[in-house]
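S.K.: Pasting in a structure now, in structure tokens, and then I'll have a few things to ask.
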């Protein structure tokens, strides 16, 4: 956690530093936003002189006016102003030179005027004439905000917006890049389904956050010509941005409030679907719709906090601490930007929200990877313990316990064969040459058995001087040939030993006519091994 905090902090300082030292002015002369007059309004209050920005609540139409400068040059040849959910027309004296959204049905949000930077080219002949801006509000409930109006040129204004809004765009792009970088982990760790769901939820949240911040960025709105598409993307991503975090919480292992969270997710999904339908058919307007969306974000955030808070405090779940703190940081950053949006939308850049989202994504990813790492380590230990419990330390073969377990699980058929080996004169080797040589004899025999038989079946040490091989399918094998090969390698090995190493061998294939179970086959293999040992002794005595 400390490392992730440090890396995130250094990264943030680096980005803020680059942004701060960009050699672009963060200010633009705004004298043209001063001393405007209201010339047409629904009530009688049209005599005041005011500076922009200004707010007129719950108006349907309003017209403001001021005089253009006597001289328009290359640095003041374009009028720039921002609107949000407003139709607008621009007049020079009584001649309309620009309009946006005035002749269209703008009630549903997919046909909304959306948010837009207007760029109105001014001609030399307009010098000294009266400029009028007419604003129409298609929705009953509106903020009625008229933002600043700038007189500049495209190059200077573009630089101004870049300095002001590029930081939020950087964080948004990083949120978009994040899932491209981490999504391959889903394939690498595909066996761990709950952790893969966590990584997928983080990636989906990251994409939704990126879509929101990029589509809502004033610089993107300025340089593109698709304000309604951007507006729709912003609203839809904002609607569903909290669902991935709730799904993330649902997939926290053994979370006691999981069923409650699932019900909340279903409830939110249904509510959002109904809101889209109601807004599309103009039952509610865009501002009511947005209010419900923002309310949904904070309700889902509260749900997330309550769930993880209970798990953290009541259930002593330390693994939810990082997701809990990360979401707290996200809500703090988003709340700052939401306050800026409500008070002065033109200044809103989503830089706090986008940075806190990036921190949130990083924290959740670190948390998911840490818990995934712990899970992998636990599985490794479990496999190691299982391996240790099932293997013979000295020879590396499986032990008698594994042999009994595997023979119990084996599917009994005429394909199954059992081979039993017994080392000759192991007691004599231990007494005459020492226990180290006795251990060496066991290891050598085990290695030779594995070299010959391991690709066909499993090898076991079933006694001090006894080894067994279990072959599940012997239909394509000539066991006599394999045993002959084993004898050859054993004889070759004897050339390098100070003692004679020999084994007695016996095998049996399951026969349903005489074997009721696999144990009967094993007993027959042992009997055959004992007979082989006896015949070897007779041969030795005859030689003597």
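Just so you know, glycine gets a Cβ as well, placed from its N, Cα and C.
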S.K.: Among 139-157, 196-214, 386-404, 405-423, where does TrEMBL put the label transmembrane segment?
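M.R.: Transmembrane segment, as annotated by TrEMBL, spans 196-214.
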S.K.: Give the one range among 165-189, 196-214, 229-248, 295-313, 325-343 whose Cβ atoms make the most pairs under 8 Å with those of the transmembrane segment (260-289).
M.R.: 229-248
S.K.: How do the residues of the domain 'GGDEF' (414-544) split into helix, strand and coil according to DSSP?
M.R.: 69 helix, 24 strand, 38 coil
S.K.: Looking only at the domain 'GGDEF' (414-544), what is the model's average confidence as pLDDT?
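M.R.: Here the mean pLDDT over the domain 'GGDEF' (414-544) amounts to 89.
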